[in-house]
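Q: So TrEMBL has the following annotated:
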| type | residues | note |
| --- | --- | --- |
| BINDING | His2 | Ni(2+) binding site |
| BINDING | Cys73, Cys76, Cys89, Cys92 | Zn(2+) binding site |
Amino acid sequence: MHELSITTSMLDIVKEHMTRHGAEKLRSLKIKVGEMAAVEPQSLLFCFEACTKDTPLEGAVLDIEVIPLTGRCRECGTEMRIDGYSAQCPKCRSVSVEHLSGHELAIVSMEVE
Ligand SMILES: [Zn+2]
């Protein structure tokens with residue numbers, strides 16, 4: 001499962017951070033996930049709970065921020081919100097649109113003690 005490998009590598013980063021700071025408990029973890037990252041927040045939450053159970057990370061709150069897919073027209077520079085997979089510039093109708101956000105998959109912050 002896609003979400004499981006993401007969770008595992010995310011938790012590796014968290015554990016490394018905790019070791020470096022001598023922390024024993026994870027209170028919360030905030031991550032951002034782009035719409036295009038093909039990640040289901042629900043299954044991510046499920047994997048997170050499953051992976052942290054019976055570890056020092058158990059009970060931590062996972063906060064998932066979903067980043068909407070946005071783009072910019074390569075012809076006229078108009079920025080837009082993209083719904084679905086194909087994008088068209090609302091101004092000049094060009095389909096040459098580059099993605100600005102929506103592919104993120106990263107840890108924003110974590111709270112340890
Ligand atoms: Zn345009």
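Glycine residues also receive a Cβ, built from the backbone N, Cα and C atoms like all the rest.
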Q: Can you check which residue among the binding-site residues Cys73, Cys76 has the largest number of Cβ atoms within 10 Å of its own?
A: Cys73
Q: Roughly how many angstrom lie between the C-alpha atoms of Cys92 (Zn(2+) binding site) and His2 (Ni(2+) binding site)?
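A: Here the two Cα atoms are 37 Å apart.
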Q: Within 8 Å of the Cβ centre of Cys73, Cys76, Cys89, Cys92, which other residues of the chain have their Cβ, at the recorded Zn(2+) site?
A: Arg74, Glu75, Gly77, Thr78, Pro90, Lys91, Arg93, Ser94, Ser96, Val97
Q: Fill in the CA-CA distance, Cys73 (Zn(2+) binding site) to His2 (Ni(2+) binding site), as an integer in Å.
A: 31
Q: Neighbour count, 10 Å Cβ-Cβ cut-off, for Cys92 (Zn(2+) binding site): what number do you get?
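A: Total other Cβ atoms inside 10 Å, all chains included: 12.
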Q: Just checking: which of the binding-site residues His2, Cys76, Cys89, Cys92 have a C-beta under 6 Å from ligand 1?
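A: Among His2, Cys76, Cys89, Cys92, near ligand 1: Cys76, Cys89, Cys92.
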Q: Let me check the 10 A CB neighbour count of His2 (Ni(2+) binding site). How many other CB atoms are there?
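A: Its Cβ has 13 other Cβ atoms within 10 Å.
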Q: State the Cα to Cα distance, in Å, between the residue listed as 'Ni(2+) binding site' and Cys89 (Zn(2+) binding site), rounded to an integer.
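A: Rounded to a whole number, the Cα-Cα distance is 32 Å.
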